[in-house]
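Some features that TrEMBL has for this protein:
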COMPBIAS  15-24  compositional bias 'Basic and acidic residues'
DOMAIN    71-173  domain 'DUF4371'
REGION    1-25  region 'Disordered'
Amino acid sequence: MEKYFKKISQSSNETSKKDKEQSTKRICVKIESSRNQEVDLENLPSDPGLRIPIYEFSPNIQDQKFRRRYTRAISIAITNFIKEEIGENYFSLLVDEARDISSKEQMAIVVRFVNKKGMVVECFLGIIHVAETTARMLKKSIEELLSTYGLSISKLRGQGYDGASNMSGEFNGLKALFLNENNAAYYIHCFSHQLQLALVYVAKNHVQIALLFSVISNMMNIVGVSCKRCDQLRDKQRERTLMELQNGELVTGQGLNQEITLKRSGDTRWGSHYESIIRLIIMFPSVIDILEVVVEDGISSEQKGEAFALLGTMQSFEFSFCLLLMKDILGITAELS
């Protein structure tokens with residue numbers, strides 16, 4: 001890519017001495033649209049509105065190497081701005097880890113601090129791949145990232161994690177390891193997780209609601225685990241969607257009627273119960289069709305019997321009522337996610 005970049009200089013009559021010193025670091029990108037675009041990959045502005053959109057460059061420089069350099073330069077500019085905003089002030093950490101689609105454990109780190117205007121802000125600092133999810137490995141990865149941006153653990157004044165034992169363990173959790181080094185790094189259980197756990201706990205104290213989630217979980221074990229059943233469910237839903245579109249029962253438009261699958265709920269995953277219920281309601285007729293198929297050609301008599309029991313329960317008035325009731329209740333708090 002060196003042939004597309006060259007050093008440029010400016011005359012002292014056009015710029016001040018300060019501008020001239022900065023201009024020596026700029027990289028000039030030749031554009032085929034009869035004008036030159038100056039892109040300072042060494043010192044990109046942190047404000048996105050002041051950066052040149054990559055789609056404005058001509059195709060001959062929109063190669064993979066340039067995009068990587070440009071994206072990396074933007075990342076450095078943003079994180080440097082965050083570092084300057086924090087300065088020598090105190091800050092807090094918000095950390096969560098999850099497994100991505102490629103089954104790799106990823107840890108997201110957010111810093112919370114008071115900026116120069118006296119406002120409390122939260123800034124995303126980065127995502128780190130972690131080989132293990134033990135508290136010591138997470139602590140080591142966090143310290144390495146913080147040291148990269150010159151942030152010291154001694155300035156840490158708050159920790160915000162979920163309730164997992166490796167994060168909030170009293171003696172060997174991530175919070176305890178930081179508290180051993182800095183007793184001012186107070187731990188606060190994530191409020192969203194607290195509310196999620198409280199909602200699920202209270203709801204499941206009702207027998208009918210507990211049965212609802214139990215039935216959904218058992219249905220997922222039959223329909224959602226097998227690749228064969230998932231393909232059958234996807235085909236059934238596609239056929240039903242096409243038929244409803246032809247009959248004018250569904251509204252067409254951008255982003256509507258996308259292909260979806262059933263989703264398993266988890267007590268500590270915010271909004272997962274609501275999303276699980278929504279998808280089941282959308283795909284309910286197709287799910288019933290697949291359960292009827294399992295009753296006919298299940299791999300064992302036990303599976304056939306369980307599918308038959310699920311058919312009876314899921315088509316009852318009580319199940320349908322609880323399903324729609326929980327959709328409305330959880331829909332109120334879904335806005336907080």
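Cβ coordinates come from backbone N, Cα and C, glycine included.
The shown structure was predicted, so the numbers you read here are calculated from the model rather than taken from an experiment.
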The domain 'DUF4371' (71-173) [mean pLDDT, rounded to integer]: 86
Per-state residue totals over the domain 'DUF4371' (71-173) - DSSP helix, strand, coil: 37 helix, 35 strand, 31 coil
